[in-house]
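> This is the structure, below, for whatever I ask next.
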Amino acid sequence: MKALSKLKPEEGIWMVDAPKPEMGHNDLLIKIRKTAICGTDVHIYNWDEWSQKTIPVPMIAGHEYVGEVVDVGQEVRGFSIGDRVSGEGHITCGHCRNCRAGRTHLCRNTSGVGVNRDGAFAEYLVLPAFNAFKIPADIPDDLAAIFDPFGNAVHTALSFDLVGEDVLITGAGPIGIMAAAVCKHVGARHVVITDVNEYRLDLARKMGATRAVNVATENLKDVMKELGMTEGFDVGLEMSGVPSAFHAMLDTMNHGGKIAMLGIPGGEMAIDWSKIIFKGLIIKGIYGREMFETWYKMASLIQSGLDLSPIITHHFSIDDFQKGFDAMRSGQSGKVILNWD
């Protein structure tokens, strides 16, 4: 089968002819229809420091996808051949304390599809049936293919009450932009998103952000005055991993504010803890999606009218995968879809 593999420990990703994966009694065999390129895939392509420490070589990459079930393990219940599915990319152990307590998103032994094991950039993917999620008929393939990053946005955004609240999002990557759309959809008052990439800020405006702020040219506190905000943001969603962005968030949070952190800093990050202490801030780390509450919320949000379509900006045939990676690496894109049909 065709597959995109991290074949060598250097920059790049390569089309290979890989053996069709073998499935176990509890697995599904999924024929991939569409995949999306994640920022993680770009890290793997670039072969940066994180990738060098994390990624086994060779390995088929990719973890954002939609496909069709074409075979079902003999112990599997609840899935049938022909089901349209995406899936949770965090394969959990099932036996640690958190797994046994039903908090599987906090499994300490997680293995990542397309990160620690072969992934979805292939004609076929084997996935434990536990991890699969049936896609409702009224959700198109393009949106189903980005459920993984959409789930990061939903998990982060819905960590705290948003109704009538003022929200600051630092980092206008696709996940931050989708989080802005979620916040507005569920009833936040002002949703302000910051970045220095004007292309991405324009996308955030299309997706409903109250204000998309280029911090290279605008002062965040001036924007707050413009919006009539007198006390600070109630909720912060840190999506960038950039220290200066987090520092700006701490400076502009209201007392008693709540911060959810998804962005991963490139190294250790010094912060002024006195601001957190004296403001009484609550900080929550976010990793992945809650299994499977976040997934049901994702489907329901789309079915209730949340429009994510502007975030998908490019489509390519899998044979043109290099063009897709070039678009993602340029920073001048939203989500990039690779078609496998």
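Backbone N, Cα and C define each Cβ position, glycine as well.
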> Among Ile175, Ile311, Ile312, Ile318, indicate the single residue that Swiss-Prot lists for the NAD(+) site containing Asp195, Arg200, Leu262, Gly263, Ile264, Ile286, Tyr287.
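Among the candidates, Swiss-Prot records only Ile175 at this NAD(+) site.
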> Quick one: give me the count of other CB atoms within 10 A of the CB of Glu64 (Zn(2+) 1 binding site).
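Glu64 (Zn(2+) 1 binding site): 30 neighbouring Cβ atoms within 10 Å.
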> Near the Cβ of Ile286 (NAD(+) binding site), how many other Cβ atoms are there if near means within 10 Å?
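Looking across every protein chain shown, the total is 20.
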> Under 8 Å Cβ-Cβ from Ile175 (NAD(+) binding site), six or more apart in the same chain: what's there?
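Within the chain, Ile175 (NAD(+) binding site) has Cβ neighbours under 8 Å at Pro149, Asn152, Ala153, Thr156, Met239, Leu262.
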> Would you mind pulling the DSSP three-state label for Arg200 (NAD(+) binding site)?
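For Arg200 (NAD(+) binding site) - judged by DSSP and reduced to three states - the answer is helix.
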> Can you give me the same-chain residues 6 or more apart in sequence from Ile264 (NAD(+) binding site) with a CB-CB distance under 8 Å?
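Listed in sequence order: Gly241.
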